[in-house]
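Some features that Swiss-Prot has for this protein:
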- 1-36: transit peptide (TRANSIT)
- 39-318: domain 'tr-type G' (DOMAIN)
- 48-55, 112-116, 166-169: GTP binding site (BINDING)
């Protein structure tokens, strides 16, 4: 490689004196200047596995920036971003929260997101509003199950990221093991920019690889001040030099400008530090590398350098727009990526969160991609609704400070919109279609008010919560006459019940928790349906013929309904108007939401339409109803089977408890994927197991391991049940055992 041929010592000598001997507190008075340049804005999301330290890190950022006057603590329940009563009681983040603060003449808009898998929808929506992310790892645990999940979400949104290895004050923390985890489990290229400094087993600072300096924090001043000192230990100095050479060597193979500068200089002696920093930034924005920093937020070490790295290595909104901008000339949506260039200077924004305030009503959190939002601004949603902005507030969790406007690249809280839903696209231009991906529910249960007189209030509460959280499914069961909730997990549904009680004063009753089974066909099934009726003197008539096939195709709604392309079928189908076909599709897709066995969603199936004849004057709703009736009739005579939800588990346990844990898993129909060492005393077991067998697993695991093992789990698709297990599942679901 290039670097191995050049003079290393001279370059290292140029880097060492870059930092001053003492770095004073960098706390600033917050300034809400709305005219800040887009180049000086950073929109970031904080992502992590549960309990890795997201909220604690956020609290330090707010404190050191001068946005708050005290350090909030999760265990004391006084943090800014965990403001819900349920969050403070449980010590976890449930809803994403937005905060803005200034740091070194830059504006940082930060979203603190949940780490629990039940609230993954909060993370998904937040990522559509940010330009980069900070992934936080627990230094003693490395890459955990939910880390993999949020990393994948960031990949789907094409977000550049930094990694902050937190909790490095713990005795079991291992920075090198975390780097290895990042490389092996996430298939990324981690670039460590720091090394830990410990004294008497305590983390006191970090070694900055680029400047070859030690950064030491003042433990008595809540980490507000820190100083940079030269490295006096020769062996350590050589080790840092080697890390520096490895870094430049890696970057020179990715960045042409840096490689060319090294070749032209024929020596590292004349290569400027800013070229190395530029290469780091460019490679980070292209997602070729992931810079890795370390510290301990709780012990007030390393947070200011993390904030500096957010400014130095994560993109400004204008830089992210180069990723959002697509190459074609027409406005379109590709996943969650908005072609903002099509709209010129017209306003384009996205709703990433809706909350309800008792005094102000619905509060819509909007990320502006283009244009400016002012009081009185009118816009349309991608689905065609019209909205007006009445008031605009600056984000600071659940506090509100009114401002006049906010522009491209910024985040604002808006009062006035009445019908916007989390995930909506907002435009001052032509309508676009935008479909938010909502994960399937894995549990469901009935919900009832304490009296029939409160049913209307309960329905209203559920509508408001569903606006905030589209992953909550609400439907009315015509057979039982009950309202049924679907959620991402037991905790998700418990939080919904708790919010209904604390925020709406309704002591609702949740029924027994049921598993959300899906259903599928064993073999193709064909049927026809003729519906005729006279409504208000007008004759309504529809005839249709279709086959429902088992399929492994995508679950996209467009691909679940296909037309027979034979000449005979096309003769009748070509007479169907596009609007009539739209209502046929609506009825068909609605019918596929309820299977014949347990009323579960039909999965892995495709409808092929052979014939559709619609009488003159037939109303669109009649077509939709006939479509649903035809499919219901076909499914009633079809051979179907149940699909049960599976979970991916990651269990961390001391080695001595491994045998009884594996024995217990085997009784739960679990499939052991891997058993790997973690450190010298622990094992990590990765497992796929049916959700139906995991109802009491956390409690049993604690008992088996005397409280020393931990488990995290996340959905892992569905798999078919054999006849015996299906019969047992149906008996459980019907309350027969």
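Quick reminder: no glycine exception, Cβ is built from N, Cα and C everywhere.
Features recorded in Swiss-Prot, as mapped to the structure shown.
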residue	record	Cβ within 10 Å
48	GTP binding site	28
51	GTP binding site	20
54	GTP binding site	28
113	GTP binding site	28
168	GTP binding site	27
Check your understanding: Secondary structure at residue 54 (GTP binding site) (DSSP, helix/strand/coil)?
Key -> helix
Point to revise | Taken over the domain 'tr-type G' (39-318), the model's mean pLDDT | key: 87
